[in-house]
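Right, one structure below, let's go through it.
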Amino acid sequence: MSYDYHQSWSRDGGPRGSGQGSGGGGGGSRGSGGGGGGRGGRGRHPAHLKGREIGLWYAKKQTQKNKEAERQERAVVHMDERREEQIVQLLNSVQAKNDKDSEAQISWFAPEDHGYGTEVSSEKKINSEKKLDNQEKKLLNQEKKTYRITDKSYIDRDSEYLLQQNEPNLGLDQQLLEDLQKKKTDPRYIEMQRFRKKLPSYGMQKELVNLINNHQVTVISGETGCGKTTQVTQFILDNYIERGIGSACRIVCTQPRRISAISVAERVAAERAESCGNGNSTGYQIRLQSRLPRKQGSILYCTTGIILQWLQSDSRLSSVSHIVLDEIHERNLQSDVLMTVIKDLLHFRSDLKVILMSATLNAEKFSEYFGNCPMIHIPGFTFPVVEYLLEDIIEKIRYFPEQKEHRSQFKRGFMQGHVNRQEKEEKEAIYKERWPAYIKELQTRYSASTIDVLEMMDDDKVDLNLIAALIRYIVLEEEDGAILVFLPGWDNISTLHDLLMSQVMFKSDRFLIIPLHSLMPTVNQTQVFKKTPPGVRKIVIATNIAETSITIDDVVYVIDGGKIKETHFDTQNNISTMSAEWVSKANAKQRKGRAGRVQPGHCYHLYNGLRASLLDDYQLPEILRTPLEELCLQIKILRLGGIAYFLSRLMDPPSDEAVVLSIKHLMELSALDKQEELTPLGVHLARLPVEPHIGKMILFGALFCCLDPVLTIAASLSFKDPFVIPLGKEKIADARRKELAKETRSDHLTVVNAFEGWEEAKRRGFRYEKDYCWEYFLSSNTLQMLHNMKGQFAEHLLGAGFVSSRSPKDPKANINSDNEKIIKAVICAGLYPKVAKIRLNLGKKRKMVKVHTKSDGLVSIHPKSVNVEQTDFHYNWLIYHLKMRTSSIYLYDCTEVSPYCLLFFGGDISIQKDKDQEIIAVDEWIVFQSPERIAHLVKGLRKELDILLQEKIECPHPVDWNDTKSRDCAVLSAILDLIKTQEKAIPRNLPPRSQDGYYS
C-alpha cells in the first residue's frame, strides 16, 4: 500500500504543524529514579537498601540517565518547506508510473538552481530490461563468458600472456635450439654458469628433470639458498629446447609477493644473458605491471592472484604447459585456494605438469594432498650457524634489567593478545606445569644471576633493553658483520631505534642503522642491500619481511625477537584481532638461515628452551584466520561449485562458523541470493579485484558521478595509504596529515587531498613532486601504484557499462567530485554497516568524545587517524573501514557522516514513536528525531532510490544528468540536494550549555 504524501501537506502548500504533543521541553518524569522513602531525596538511594543493592540501584539510575541523555542528543532530520513540497510532488509523480499515459512534466529548481524533474519509465521498458537481465544471468551460469562486457580490454591487459596460443612450431623449435647453443659461447652466460654450478640444485639437474617429465605432480623441497626458485624453471625450459620441442614449453611460476616475482625474473633473465621481458625467454606479470617474455618457449614469474584472475577467462589454463607453485609452505590464502583449483584441473588437463616448491619441514603434507606424488629434496647452501637461547644470551652478556617491575611469567599466559584457541591453552598449561622442573634443570648449568633474570622476565613483551645490550656486546666483542634484528612491529622498531640512538656510540658514522617496515620510506630501505665500507657496521631492524621476501647477503648476526604480528578473525565477535604471538619453528628456522649466507653466523633467540620446545611447527594458515567474503565471491565467479563444499576440500578447511558468517555478510550486501548464487551486484563485485565493501563503493562512485576521488579512496583501502613515518618525525608527520585533512573530519578525504596535491606537483615537474612528498611524508611509489590501480578500476567500470570512458577523470563521471558531502555519502554506501556513534563528553577540563559501536560498546579511534583528537564534530556518526582488536578495539580509516547519508545508504528504515519523540531509525539503532511526515518522505525517497539502484546494477549505464525529465535524474538529484544542504545537526532540546557541541 502506497503512502499518500499529500496527507501531510496543508492546502496552502505549507507543512502542517506537527504539534507539541507531550509538550514542553522535557520536565516530565521527575521521580523516574524511584526515589521515595526517607533518604531518597535529591537522588539518594532508598533507606531500606543495603550493600550490593545500593550499587545496583545507582547503576540502574545511571543507565536510565544515560538513555534519557541519548534521547535528548538525537539529531533532528528536517528539510525546508520548499524541498518538502518538491519531494511530495516527485514521489506522487513516481507513484503514478503504472498509468502509461501519465508523463509528468514537473520541473523545478532547488535553492542552488539545481533543477530536477521526473519522467515515468514505461512498464514495457522495465519488462524488457528484466528480460535482458534474465538472459544475461543464464549466460553467466551456463557459459564461460564475461557478464555484460562491452569492452574486453580491461580483462585482457593482465591476461595477455595467458590468451596467447601455444601450438607446436617446428621453425621456432630450431631457432630456440640455435639460440641456446649460441648462448654457451657468450661470456656473460659463461660467467653466470660458474655461479649456477655452485648451487646445490645444479648438481641435481638431471634427476629433477626426469622426475618432472615422468610425473604429473612433483614436490620439491629445499632450504633457502639451494636455488630451486631460479634454477628449476630453467632446467625444464632448457630440457624442452634441447629435445627440439621448445615451442611447447610455457612455464608459469607463482610467487607470494610482487617484489619476489620481479626480482626472481630479473635474476633468471640475467643468468640467461638476456634482459627481462621484451620478448626474451623470461619475464614477469604482477598486478598492473608486466615485462612479458616471448609467446612460446618461455618462463613467466607472476603473483598468485594473477593465475586466479586468468582462471576467469580460461578455466583450464589451456596455454600453460607447466605451473610451478613456489613458497607454498607460507600457506597464504590465495596459494591454498589455487592448490585446490589445480588439483581439480588435473582431471581435465592430463598434459599439465605441476611442480610444488616448499621449505623442508612440511613437504610430506603437500605430497599427501596430491595423492602421495613423488618428492625430492635439495640440500641447502648455508654456512653453519651457532644458536643461542634466552638463558645463553643472559649468561653470555651478563644481562640484568635496570627496571624491576617485570610481571610474573604466568600473568597473561603463553600467548599475548586475545587469541584463545584450544591448542594454545593446552600449551600454556603444559608450559606452567613444566616450568619449575625446567628452572631446576637450568640451575645445574647456569649462574644464579641468570636464573633470577629468567624468573623475572615478562613473557608478554619483547625486551628491547636486552636487545640493545646484546647489539652493544656484539659490536664490542664479536667480529665484523651486519646485524639483523627481527621485531614484531613498527612500535618495537621505533623504540629500539631510539634506544640505540640515545647512546653516544651508535651516533657515530661507524654504524648504519636501517629500520625496515612497510611504513618506512622506501628510499631509506634501498641502503639495506648495499655493502657498507670497511669499518662501518650495518644494523637492520626489521619485521618478518626479512625472513623470506628480501635477502641481505652480508648478515652474520641475527637477533630473533621471538614474536610475530599475526592477524586473526574472531568469528564469534565478528572482529579482526592483531597481536604479537610467538614465532613458529618454521619462522625461527628461516631467521636462523639469514645468518649463514656468506660465512659462519650466529643466531640469538629471545625465548628460553622450554618455550622453544612448545612452539608451533608453522604459523596458522591464513585461510583459518581471515574473513572469507572476497574468497567466496571468487569461488562463485570461477564456478567452483558450492562455497562450503569447495572450502571443505582445501588442505586446511576453515571453520563452518567462518564460512556461514561470510555467506551471511554477502547476502546482507545483496551480493548472493538465498540460493548462494551471485546476484547482478555480486557479479560486479566478484569481477572487481577488491573486497566487496570497497567494490560497492566503487560502483556507487560511478553511479553518483564522483568517480575520481572515490577510486583514490578505494585504491588506498585495498592497497595501503601513501603516508610514511620516518623515525623521530612522527609528530611532524601527524601534523602534516592533519593539515591535509582540511577540516573534512575524514581519513578517506585526507588521502584524496594528498593524492590531488601529488598530481598537481607531478604536473609541475619532478622536483616539485619530490618536494611535495618530502613535505607531507608521502611515498611517491605508493601514490603511483594508487594511480595505476585507479586506471584498472575505471577499465572494469567501462567494461561493465557503468561509465563511458576509461579515464578516472572523465568530466561526465565527476560531476559531483567537488562535493565533500556526496563523497562521504558514497563512502557510507560502501562501508555500511561499519558505523560508530560519537558522544560528546563535556568534562570539567576539556571536551572529549567517546565512540561506541553496536556490537562492541566503547571503542577507540586509531591514533594515526585525523579524527583521534577531534572534538568539534558536525554529526555524531562515523563510518569506518576496519575494526581491529590489539591492546584495545581500534577503528581505522573513519569519516564523519550526516543523518541523510545513513538514511539513504544505510540499512532498513523504520518510523516509530519514543515517548514524546517522533523518530526515524536505521536498522533499529541509528535513531534520529523526525516529524512523521518528513520521515515518510525520506522513506519513500529511499524506496525509489533502492529500485533505481537495482535497475542500474542489473542493466548498467551512466546517468544522464542533463535529462532533467527522467525519473533517474529526478530521484538522484533530490537525494543529492538533501545531502549537500544538510546543516550541522543540533538537537532541539539540548540544555543550553551543550549547544556548542555538534550532534547527529
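Cβ atoms are placed via backbone N, Cα and C, with glycine included.
Per Swiss-Prot, the features are as follows:
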- 1-53: region 'Disordered' (REGION)
- 1-192: region 'Necessary for nuclear and nucleolar caps localizations' (REGION)
- 1-96: region 'Required for the pre-miR-134 transport' (REGION)
- 1-43: region 'Required for recruitment to cytoplasmic stress granules' (REGION)
- 15-40: compositional bias 'Gly residues' (COMPBIAS)
- 45-97: region 'Required for G4-DNA- and G4-RNA-binding' (REGION)
- 45-67: region 'DSM (DHX36-specific motif)' (REGION)
- 98-378: region 'RecA-like domain 1' (REGION)
- G225, C226, G227, K228, T229, T230, S549, R594, A595, G596, R597: ATP binding site (BINDING)
- 379-620: region 'RecA-like domain 2' (REGION)
- 621-690: region 'WH domain' (REGION)
- 833-897: region 'OB-fold-like subdomains' (REGION)
- K939: N6-acetyllysine (MOD_RES)
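Recorded features from Swiss-Prot, shown on the structure.
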residue : record           : Cβ within 10 Å
G225    : ATP binding site : 19
G227    : ATP binding site : 20
T229    : ATP binding site : 22
A595    : ATP binding site : 29
R597    : ATP binding site : 19
K939    : N6-acetyllysine  : 18
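Summed and averaged per residue, pLDDT over the region 'Necessary for nuclear and nucleolar caps localizations' (1-192) gives 59. Cα separation, R597 (ATP binding site) to K939 (N6-acetyllysine), rounded: 67 Å.
In this structure, the C-alpha atom of G225 (ATP binding site) lies 64 angstrom from that of K939 (N6-acetyllysine). Reduced to three states, the DSSP call for R597 (ATP binding site) is coil. Calculated from their C-alpha atoms, the gap between T229 (ATP binding site) and the residue listed as 'N6-acetyllysine' amounts to 60 Å. Per DSSP, the region 'WH domain' (621-690) is made up of 39 helix, 2 strand, 29 coil. Taking the C-alpha positions, the distance from A595 (ATP binding site) to K939 (N6-acetyllysine) comes to 65 Å. Taking the Cα atom of each, G227 (ATP binding site) and the residue listed as 'N6-acetyllysine' are about 65 angstrom apart.
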